[in-house]
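Undergrad: Just dropping this structure here.
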């Protein structure tokens, strides 16, 4: 034990995680991100909310027990859609668009309310809102006119879906003037886009009549409809919207969220008629119980009740974590169950080679939507649950959203059922399947180099915003390039030509010419060659190497050649890297086909070294600086790059070695840690002075 300068005795440090705990952390982080990708990008989740929440909670518990495992790239620190590329233009939110933390029972709700009370006393009132099962949308109005609509994305940058948003009848092009509430100069308003149950059923009936597959549930259909490339398709679908919050504003400073909703309604924006303001946790519990009994009385699907502190001043005091406000929580209802016939079990190969069995069932109505597909996780889970093909099974929709198979109704068996035989070879490439190591429950395809399923995922990954940021190389494009055998692997991506793309239907017009999307892809590939070194490192799909570690390595070594030549000890000594990442980097470069990818990219002109701008003075040489919260003049990446360009280290966590913490709006726990450790805290103006002049800079008040 040690003593601080103040004489306080510090608590004992947590134990370091052992190898098994580190391995489990990585497995959980990878699995959570894979499921987030399927949910936020493909609109096709494969596990229930309950299972996802269980994985995320296990990951959170590991990090709580061993804080050194917690990285800025961890799913516990990010909004759900972070780091996934799309084919829509990026749109930066004026203020962060966060997610929500969940509670599942009265004890957890009471614990959340107790934390609120400890900070605010009895001053807080609560709003109880229905948690609509849809897709989040942010609208920006300037001088009363709709300027932009964007999806949540990673909370800082979403997808620009303005044209599609304009087709939704509930969204006004202009705000209606009000004597009580003057229209503000700037209004960023958040809401949920959804289908009413009747409209969803009508949409699916139409799709089936046209010979097209129906949507699995209203949430998926809302997300898919909002993200249509052709706004005319969106316009034909009866999307609705309800506003449930505000972001950045100019000329509008409501004292409470309740007042904000009154103003939104006065301006012609859609707000819920079911929102209730209460004073006590007991009243909150009453509203939750009421809607638990009446959730199917609403015209749209709900999967819980959102509880928010009403007073804006108290919201600011409570702040937010990196992914969710502390002043709001979603109470999620228990799942609903139904029985149906299990027709077949088939497998799917994921990005990491994991082979997952799926249950194909007779469609059944549960929790307000029709379900015909559910995950069975792995072969061990199939055996554990004792399900046979042909069984009548119990399925559950956790959170009223995603189905899972609970088990068979054994009494209904008639002797025609048969056991599921897990395939011995990969259904995509034919390679013999095996566990990654002895004792693993998951079976994997070891053909990581050329398995089409894994290669698709790697192509999609390297095109993401956290890597090369190649617009136009989405999931559909990656699939088309591989299906046409235009490229054998990602190493050949940067030598693509117009003739190559003409071999794919996706990039060819009816006249046999290169499409506009094909031309854009070639232009974006050329542009991607000039991306900084850290993005190249992320794009290589080296295990454990995310943007934070990649930046640290790029800053320290300056070139890919130097990184490859460095010893494991030299790599591990870099702040933000450590022994696990160092070992993964060294292991990666021992594989011949990995090095071949680097050689091909280098030959194609991909930048493999960073050139420092000599005009920028190294005013921050050796200083470790942490940025937290939203800055008006910098995106998170821009702030980090400004620090690195001046010789500083853009750290992800606060320690006694931190020189400064830059705090924007809603800074969260890093600000608290800085105050606790006595680290100087700068506002945005102070940050600008630091960049221009270097230290010392006086902390903000």
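In case you wondered, yes, glycine gets a Cβ from its N, Cα and C as well.
Annotations for this protein, taken from Swiss-Prot, read as follows:
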REGION    1-23  region 'Disordered'
BINDING   49, 50, 51, 52, 53, 99, 100, 129, 152, 192, 308, 332  NAD(+) binding site
ACT_SITE  131  active site, N6-AMP-lysine intermediate
BINDING   426, 429, 445, 451  Zn(2+) binding site
DOMAIN    615-701  domain 'BRCT'
Undergrad: Going by C-alpha positions, which of the recorded positions (53, 100, 131, 308) is nearest residue 429 (Zn(2+) binding site)?
TA: 53
Undergrad: Non-local Cβ contacts of residue 131 (active site, N6-AMP-lysine intermediate) (under 8 Å, 6 or more apart, same chain)?
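TA: Sequence-distant Cβ neighbours: 302, 303, 304, 305, 306, 330, 331, 332.
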Undergrad: Measuring CA to CA, name the entry from the binding-site residues 53, 100, 152, 308 that ends up nearest residue 426 (Zn(2+) binding site).
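TA: Smallest Cα separation from residue 426 (Zn(2+) binding site) among 53, 100, 152, 308: 53.
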Undergrad: Over the domain 'BRCT' (615-701), what does the predicted model average in pLDDT?
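TA: That stretch averages a pLDDT of 85.
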Undergrad: What's the CA-CA gap between residue 53 (NAD(+) binding site) and residue 445 (Zn(2+) binding site) in angstrom, rounded?
TA: 27
Undergrad: Could you measure between residue 451 (Zn(2+) binding site) and residue 308 (NAD(+) binding site) for me? Cα positions, answer in whole angstrom.
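TA: The separation of the Cα atoms works out to 47 Å.
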Undergrad: Given the binding-site residues 51, 100, 308, find the one whose Cα is closest in space to the Cα of residue 445 (Zn(2+) binding site).
TA: 51
Undergrad: Show, in sequence order, which residues other than 426, 429, 445, 451 on the same chain lie with their Cβ within 8 Å of the centre of the Cβ atoms of the Zn(2+) site.
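TA: So the additional residues around the site are 349, 353, 427, 428, 430, 431, 433, 446, 447, 452, 453, 454.
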Undergrad: Could you give the number of helix, strand and coil residues in the domain 'BRCT' (615-701) as assigned by DSSP?
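TA: Tallying H, G and I as helix, E and B as strand, the rest coil: 29 helix, 16 strand, 42 coil.
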